[in-house]
C-alpha cells in the first residue's frame, strides 16, 4: 500500500511556497537523528539522556499561553462559541477578525516558506466515525516528534486515503510585530479558524499548544452532535467496568488512572458516545516534577527511546534530575501510549462509564478526601470545577491558587459550560453512573493528602466498597462522606479532624462556600442552572 504523502502544491494551497524538502510522517528513528543533529541550535536541538529519551527546552513558554488564544469570529462561530467578552465567566476564547487572521497566517506561511518542513498526518479521536484527520506542518523536528507521540498514528493503509479535516501550522520562530495596533495580548499567538479548519501558532515553542488546540476543536464539534467531550483520564477493569477521572492539570488524572489492576484507555482527553468512552489521543503527556520509580513506576518506565522530555534538567552525564524545577515546575514527558504496558488494545476505547470521579486539589484544606455526589451535586460540582491551579501549567502561576474552572477544563471549552454538563449527565443517567468528588489537595495539617491514601480511596470507589460504607454529612457543603474505608487513614476522612480547632475549618469552609456561590451566579440565568443552586454549599 503506497502512502499518499503531500506535494509542494498542497502546501502552496496553504500559502507555503518554495519548500526545499518535505519530510512526511518521519519514523521515530529518523526523528531521533533529526533532533540530535550537532548543527542544530537553540530550542531546536535535543539532548540524549541516559533514559534513551530526548530532552528539549521550550524557552520562556514552559506552559500554555491562554492569554494569546484567539478564535476567528464569523458566521459559523458568532452564535456558538463561548466568547470571552460575554461576561459569563472566565475563558480564553477571544474573538479575532478575519483581517487579523489573514495577517497572522501570512506571518506563519512566510516563516515556513523556503524551508525544509516536517509534515505529520494524524488522527484525533479513536472513534473512526467522529475523529478529526489532522495535518501538522512544522520546521522543527522535535515538534513533529511531539505530535507523533500525542496523536493517533494512522496505518499505511489509512495514510493512502488521508484527507486532512484540520491543518495546524506551527511557526514557533515567528512573532507578530503589529500586535498592539491589532488589539492583541502580545507578539505571540495561538489562533483558530473554524471555517478554514486551521490553527496557527507563533512565538511559542510549547508543544502543549498543538495538543490542547485540537482538544479545543473537538470540544467545539462533538457536543453539538450530542457526544460528551471531556478533559479526563479513563481506564477499564477486568470486568469491563469503565471509570473516568476529571481534573485540571496536576490534580492526579494521569497518576490515578495509571493503575496496574486496570487497563488505561487514555490519560487526558476523551469522548463518550452511544458505544462508550474513547480516547482522542495516541499518547500521554505526563508531569515529571519529582517523578520517582517507586511512586509512579508506569510513567517512570515509559521514559525511554521515543519519549520526549520537556524542560527537565539534564546533568552532564545525561542523567535527568526530576527533582529540579529550576526551569519550570511544569516539566513534562510525551510518549506513545504503548509505552504503558497496561493499555486497551488495539484501539483506545471501551464501554460506558459507571464511575465518574471529579479530582480537585483544594488549597483551602476544607473539602473531604472523598464524598459521594447526588445527581444535582454532580452537575453543580462539574459546572463549578473547583480546584487549585498548580505551579507552572500556565505562565505566571508559580504557587497553588484556588480557582474555578468550568467542567474541570474551562481553558479548553469552546461552547458554553452548560452544554457539556447536559451531555455528560445525559450519558451518565442512561447507564446509571455514579459520581464522586475526590480531594487530592491539602487538609488542616498543611500537608497534601498522601498518594497512598488517595489510591486506596480510588480503589474503594472502583470496587464498590465506598457504596457500602456508612456516611456522615459534612455541614455547609452537604456532602456524604464515608466514615471508614479500607486502607485509608481514618483520621483524614473528616477534614475537621485535621485541624487543632474545628473553628479554623469552619472559618475556611464559610470563606470557600461564599466563593462557590459567587462563582455559580453566572449559571443562574437559566432555569436549569437556577435549579442547581440548592445542590451547592449553604452558609
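The count begins at 1 with the first shown residue.
Note: Cβ is positioned from N, Cα and C throughout, glycine not excepted.
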Self-check item: Listed in Swiss-Prot for the substrate site shared with 206, 212, 332, one of 64, 73, 448, 455
Solution: 64
Self-check item: residue 64 (substrate binding site) versus residue 249 (ATP binding site) - Cα distance in angstrom
Solution: 11
Self-check item: Max CA-CA distance, Å, over listed substrate-binding residues 64, 206, 212, 332
Solution: 14
Quiz prompt | Candidate binding-site residues 64, 206, 212, 268, pick with smallest Cα gap to residue 255 (ATP binding site) | solution = 268
Practice problem: Please name which of the binding-site residues listed here, 247, 251, 253, 268, is nearest in space to residue 212 (substrate binding site), Cα against Cα. | Solution: 268
